[in-house]
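Engineer: My questions will all concern the structure given below.
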Amino acid sequence: MLVPIRGRSGTVPALPLVLPAAMEERGRERGRAAAAAPRKLPTFLGVVVPTLLSMFSVVLFLRLGFVVGHAGLYQALAMFAVAYFIIGMTVLSVCAIATNGALDAGGAYYMISRALGPEFGGSIGIMFFLANVCGSALYVLGLVEAVVDSFGIPPGQEAGTGVHVLPQSYWYELLYGTVLLALCLLVCLVGASIYAKATFLIFLIVAAVLGTILVSFFATRPLKVPIRLPNGNGTETDNGSFTGFSLSTLRDNLGGKYDVDYTTGQMMSFSSVFAVMFNGCTGIMAGSNMSGDLKRPSYSIPRGTISAVLFTYLVYNLLAFLMCATCNRTLLQKDYGFLRDISIFPPLVTVGIYAATLSAAMSNLIGASRILYALARDDLFGRALVLAKKTSASGNPVMAVILSWLVVQLVLFSGKLNTIASVVTIFFLLVYATVNLACLALEWASAPNFRPTFRYFTWHTCLLGIAGCCVMMFLISPVSASASLGFLLLLLLALHYLSPSSTWGYISQALIFHQVRKYLLMLDVRKDHVKFWRPQMLLMVQNPRGSARLIDFVNDLKKSGLYVLGHVELQDLDMLPSDPLQPQQDSWLSLVDKLNVKAFVSLTLAPSVRHGVRQLLFTSGLGGMRPNTLVLGFYDDEAPQDGLARHPAFTSWRRARLRLFLCVEAGTMPHAQEEKLRQLLKDLLSQAQIQLVPWDAITRLHWQTCQGPSGGPAEEEEEEEGVVNFPTNTTQVSDEYVRAANKLVLEQSPAPAVRFLYLPRPPADTSLYPLYLHQLELLTRGLGPTVLVHGVSAVTSTQL
């Protein structure tokens, strides 16, 4: 199909194309102070130790009895299985991404952002930052709880005795938390090296304490443990029992028996207990967060993380069984520090609790600071995070550490560990789901650059990890999960519209390419049917600035079909040093973005416009997606106008009405023709107003001796139905006939937004081309926007 279009003003001589400069990629080399600092940490110190300490902190020493006491052995083991299934799938995805290429600072944020692009990476980076911040606050609150339990003045007493000298109240506990957090800040300000040394020392202490606890289950004789519980302004005393290994005790502890949490006064359930327990599994990213400080992150992260996860899973299950077999439910539920009471050397357990929770708090604080620094360095949030870029001479992001410390300090106002446990868990589950999503997207896209050396994963494990995370999020707290997803969506939208372009690559493009290729192969041109026909436009554009309104108009005509903007450069590539079209491609794409049209761009070099158009018709599109309609701007001598300044061309389509002019002659039964046309419109489910136009005066001029081809006004369907008989190419008509036809069209009022006329076939004799164009100009003179249509095959169907 050939469709030349004449607008209110012509389109010819070229105006200079001046488009807003495309946004430059921020791939410039930034001075990174951190890059100057050598990577120092090996697998054990950089991954295994931080991961173990993060997973062994509060839950192991202060909440494992709480979990077992409320849930019972069976449900506790089920919780561990579910939790470790989720983190196991996530660890496989982390290992796959970590072994796919070089890793920089930022851990999970770096992995996700480089896999899924800046929108997902930046939004999940913020969520992971908040997860680490809340996690650090949770561990600090757990440490405060342990300190107050050991040295606090009992409730109801004005003065303590012995070592019980610390006042207990909300504000005092906030003060203790602030002091402990300041200690974590000092260690993190020194840098990753001193942090690694400190955590190794703490690891040795925790290992010794863990060994002592295991021995205590076997060596300690049965005993009664007095428990002081807050009761209004005073306290009440209860007794828990360490029975030693007892089949009766084990039987009593097999099933669940949920009760009120004595620190918050809330009734516990499977989901609330799971939320607390899962915090013992959230440390799997501790090693990944140190990726910028590891000697060989792609080597260390998989081996170190998997080793730590397997070890903690075995220890948790072993301790759960030992607790159920030796401690009654009262001791497990109402004394969070009972491991110290039954130990053969209680002071060592106290030191271990302090050391483990302090280490976990530092791990989350330093992890949060590294994520914040990576976000700031990538400039995703502009000037909002500019302070976080500042580093020390050794490359330690000190301002990111300080900013993270400030946010942790704010979270400490929540007051109780169990209060923020569910929020921390949901944040981490959301991050883990996205890590799995990143790996799944890379796998499904068959990205050629995704070749991880770690092969023990499939898209099934990624999908299971995503499903597990999402299900547990909503089981724990539907409200918090929905709020977190809503916040994530807001971040995604903000980054999509406000963040600068990146040079990381977008996995969405790889996924789209993969799916488009698959469906293009399925689009079989042999199965085409006229009832599914739609216009697939190739619009030839000489001057983009002068053709902006035409581009917009054809975009409205395409009806979800293919739309290609074609341009021919009249040059010979053999005579040029390089391809002149390549530098123009970005400008054309910027034009498409500015005009907001859904179009592709196809440029070519040719010795003539005819050859160029032929090339574009053959080369544009792919498979079953090829142009079937050629659109040309009308060639005339009118001065071009800047269409960009007056864009858009039309604003009248939803309220537009279709009018059909039926040209009739005397003695031809016009009403029968009108009824036939009305029935056709009904069959086509189209609504239009039909107007009868007397045609006798024009036809008399046609049969006079004249010269040159032309045509009369009608719709393309009308020609097919025989409503108007148009002159053939060999018929000669006069300019007077063409002017009369033009006058007839102009007399039909009111003036429409656009007219559609039939386009006669160009003459075979090339010497008649100037006359052909001249009479087309006469026919359309003064008509305003006009579309001349010439069809080569029927495209109407009334079949279902």
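Note: Cβ is positioned from N, Cα and C throughout, glycine not excepted.
Annotations in TrEMBL come from automatic prediction, not curation.
Fair warning: this is a prediction, and the values are worked out from it, not measured in the lab.
The domain 'Amino acid permease/ SLC12A' annotation in TrEMBL covers 46-538. Residues or ranges marked as domain 'SLC12A transporter C-terminal' in TrEMBL: 549-637. Under the heading transmembrane segment, TrEMBL lists 44-66, 72-99, 120-141, 174-195, 200-219, 267-287, 308-331, 351-376, 397-414, 420-444, 456-476, 482-499.
Give me the structural setting of these features: burial, nearby parts and distances.
Structural biologist: Long-range Cβ contacts of the transmembrane segment (120-141) within its own chain (Cβ-Cβ under 8 Å, at least 6 residues beyond either end) map to 57-58, 106-110, 112-114, 177, 180-181, 184, 279, 282, 285, 289, 357-358, 360-362, 364-365, 367-368, 371-372, 374-375, 378, 380-381, 404, 407-408, 411-412, 414-417, 420-421, 423-424, 427-428, 430-431, 434, 438, 484, 487-488, 491-492, 495, 499, 504.
A Cβ distance under 8 Å defines the sequence-distant neighbours of the transmembrane segment (200-219), meaning residues of its chain 6+ beyond its ends; these are 45, 49, 52-53, 56, 60-61, 245, 315, 318-319, 322, 326, 339, 342-345, 348-349, 351-353, 355-356, 358-359.
Beyond the transmembrane segment (308-331), the same-chain residues lying 6 or more positions past its ends with a Cβ under 8 Å from any Cβ of the stretch are 47-48, 51-52, 55-56, 60, 64-65, 67-69, 72-73, 76-77, 80, 84, 87-88, 91, 210, 213-214, 217, 225, 227, 238-246, 249-250, 252-254, 257, 280-281, 283-284, 287, 338, 342.
Distant neighbours of the transmembrane segment (397-414): 34, 129-130, 132-134, 136-137, 140-141, 174, 177-178, 181, 184-185, 188-189, 365-366, 368-370, 372-373, 376, 387-391, 420; these residues of the same chain sit at least 6 beyond its ends, with a Cβ under 8 Å from one of its Cβ atoms.
Tertiary neighbourhood of the transmembrane segment (420-444): same-chain residues 86-87, 89-90, 92-94, 96-97, 100, 108, 111-112, 115-116, 120, 124, 127-128, 130-131, 134-135, 137-138, 141, 272, 274-276, 278-279, 282, 285, 411, 414, 450, 457-459, 461-463, 465-466, 469-470, 472-473, 476-477, 480-481, 484-485, 488, 507, 510-511, 514, selected by CB-CB distance under 8 Å and a gap of 6+ residues from either end.
Sequence-distant neighbours of the transmembrane segment (456-476) (same chain, 6+ residues past either end, Cβ-Cβ under 8 Å): 82, 85-86, 89-90, 92-93, 95-96, 271-272, 274-275, 278, 422, 425-426, 429-430, 432-433, 435-437, 439-440, 443-444, 482, 484.
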Engineer: Near the transmembrane segment (351-376), which same-chain residues lie under 8 Å Cβ to Cβ, leaving out any that are not at least 6 residues past its ends?
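Structural biologist: Contacts with the transmembrane segment (351-376): 34, 50, 53-54, 56-58, 60-62, 104-110, 122, 125-126, 128-129, 132-133, 135-136, 139-140, 142-143, 146-147, 180-181, 183-185, 187-188, 192, 195, 198-199, 202-203, 205-206, 208-210, 212, 283, 285-286, 289-290, 292, 337, 339-340, 385-389, 391, 397, 400-401, 403-405, 407-408.
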Engineer: Find the member of 72-99, 174-195, 267-287, 482-499 that has more C-beta pairs under 8 Å to the transmembrane segment (44-66) than any other listed stretch.
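Structural biologist: Most Cβ pairs under 8 Å with the transmembrane segment (44-66) come from 267-287.
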Engineer: Count the residues of the domain 'SLC12A transporter C-terminal' (549-637) that DSSP assigns to helix (H, G, I), to strand (E, B) and to coil, and report the three numbers in that order.
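Structural biologist: Residue counts in helix, strand and coil order: 37 helix, 22 strand, 30 coil.
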Engineer: Most CB pairs under 8 Å with the transmembrane segment (72-99): which of 174-195, 267-287, 482-499?
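Structural biologist: Comparing 174-195, 267-287, 482-499 against the transmembrane segment (72-99), the winner is 267-287.
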Engineer: The transmembrane segment (174-195): which same-chain residues, six or more beyond its ends, come within Cβ distance under 8 Å?
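Structural biologist: For the transmembrane segment (174-195), the nonlocal Cβ contacts are 40-41, 136-137, 140-141, 143-144, 147-148, 166, 290, 293, 358, 361-362, 365-366, 369, 392, 394-396, 398, 401-402, 405, 408-409, 412-413, 415.
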Engineer: Limited to the domain 'SLC12A transporter C-terminal' (549-637), I'd like the whole-number average of pLDDT.
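Structural biologist: Summarising the domain 'SLC12A transporter C-terminal' (549-637) by its mean pLDDT gives 88.
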